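Below is one structure, written out as structure tokens; comments come after it.
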Amino acid sequence: MALSRLHCCLLLASLLAGNAASAATSRARGPPEEPGSDGIILKMESDPLAMERSGFHVQSAAAADAAGALGRPIGRHLRRIKLRAGEQLEQRLQHLRGMQGVTYAVPDMRIFPHRVRTTDDAAAAAAPARATAHEQEVAEMLHGLPKRKTYEHQWGAGRIGLPAAWSIATGSASKAGAVNLCVVDSGVDLKHPDLVANLVAGFSAVDGDDEDRPDDQVGHGTTVHGVIAATGAGGGILGVNWGNINVMPCKFMSAAGWGQTSDAIQCLDWCIGQKASIISASWSSGQLGNQPLEEAMARTQAAGALLVVSAGNQGADMAHTPYFPQAYSAQFDNMLVVAATDEYDEHAFFSNYDPNTVHLSAPGQWIYSTIVGGGYNFSSGTSIAAPFVSGSAALLLAAAQDRLGKTLSAMELKAALMDSSEKVKALKGRTATGGRLRTDWALQELLGLELSQPTPCQAKPGDKKKCRGADKQSEGGSKEDSEQEKDNNKSEGAVQARSIDGAERRTDADTGRRHSRRTAALPPPVQA
């Protein structure tokens, strides 16, 4: 209900007097709200700015300080209040929560990236090159593929079937009609030669920044952007969408290496305002629930955006040790949480997991991508696995629009990526699908085409088992492994294969491959 003028006056006066009241209040008992919180997010029952616009003003000697007392607006009915010198968080929270007209007052929690660990030059030189000569040959033959010397470093591209996927689409048919994908992170190197062509106007929510210049001061966001949309123009790498895509960087992490919930909320709302179809988020706010962030995520669902979130790098079973916002995946259908795999199709040692929280896996160890300053390096983390999925979702959406003349909802994109994942024994019980991303299969199933061959597996040095991938029998795995894999394909696929365009599909238990009953030729692009 709306505040009366009297209540509004009392609220403003009480906010202004907060410091004095907190000084006289004993320290609150109980566990701290969240280490590192240095501000408060306040939600009010009525918007003070709307009251001011309607002609209502506080009549007091401190009226000129009213805006400062209410903090900075960060959304509808939301304000961010910075703690003053010597002020205690718990005391101020207790004070605010006791006032009329306050829906809630919570710590402005810090949010940390699922940090990509960049190697030094010596380690990078020894990094595994997992792409096979055949995959390199196919990729270089693709029409319009930029020639570069580093494709052999992109083992992840081959593992998720990108050479075959790129024979169908490398992005949208035109820049004007390209998919809008928003990356909520530390910004991006706005001058990186492999990124500039696919970047569009961005936004920075960080205090003191030029709002129109989301320059990356951390490096995390630039690496994420490269996986999604590097064009190869700089001779470095190709992202999942190296053709046309509109990538909108939204910066909420400062040079300190972390960001505030209040700034992440502003970025999520900005992405919605820019009509982003896909939002990529590789970060978390810790093990405590985060109500303002939860509400912002609900707004992404209401807006129809697919929200791709990295699982986190604590190596935790999130059934017992939940992290947020990942733990909200059960309540938001538009969320797609991504774990990481290594070059042997093993679950990466650092990746969080839980089949009730995490949906599928993607390459996330020793991934070659863009870095600040125009260069490239190897990185690891679920932060770099999630953008493989974000980019694949954009590629799928582009193909649907250009080839079929239709769009796909967030739920349709999510189902298509999960249903087409390649089942891997080592991932059983780690995610809902027990599978690793296959971008080519998702595209082929969408368009009713016969699927590519299963991913060739890679023998792990020193491991007695010769094959760790999905197609164990063909690579010399034991009969026992092969039979177990059959059982996995029959019973462990958490999401049954469903067709978006009505084409029926089945699973071949002998090979673990899904085939299309339809083998129609690739549909021509829809004419504008």
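Please read every residue number as a count from 1 along the shown chain.
The backbone N, Cα and C atoms fix where each Cβ goes, and this holds for glycine too.
No curator has checked TrEMBL annotations; they are predicted automatically.
Annotation source TrEMBL lists active site, charge relay system at D185, H220, S383. What TrEMBL lists as compositional bias 'Basic and acidic residues' is 461-490, 501-513. The domain 'Peptidase S8/S53' annotation in TrEMBL covers 179-424. Residues or ranges marked as region 'Disordered' by TrEMBL: 453-528. As annotated by TrEMBL, signal peptide applies to 1-23.
A straight line from the CA of D185 (active site, charge relay system) to the CA of H220 (active site, charge relay system) spans 7 Å. When averaged over the domain 'Peptidase S8/S53' (179-424), pLDDT in the model lands at 95.
S383 (active site, charge relay system) sits 8 Å from H220 (active site, charge relay system), taking the CA atoms of both as reference points. S383 (active site, charge relay system): 31 other CB atoms within 10 A of its CB, across all protein chains.
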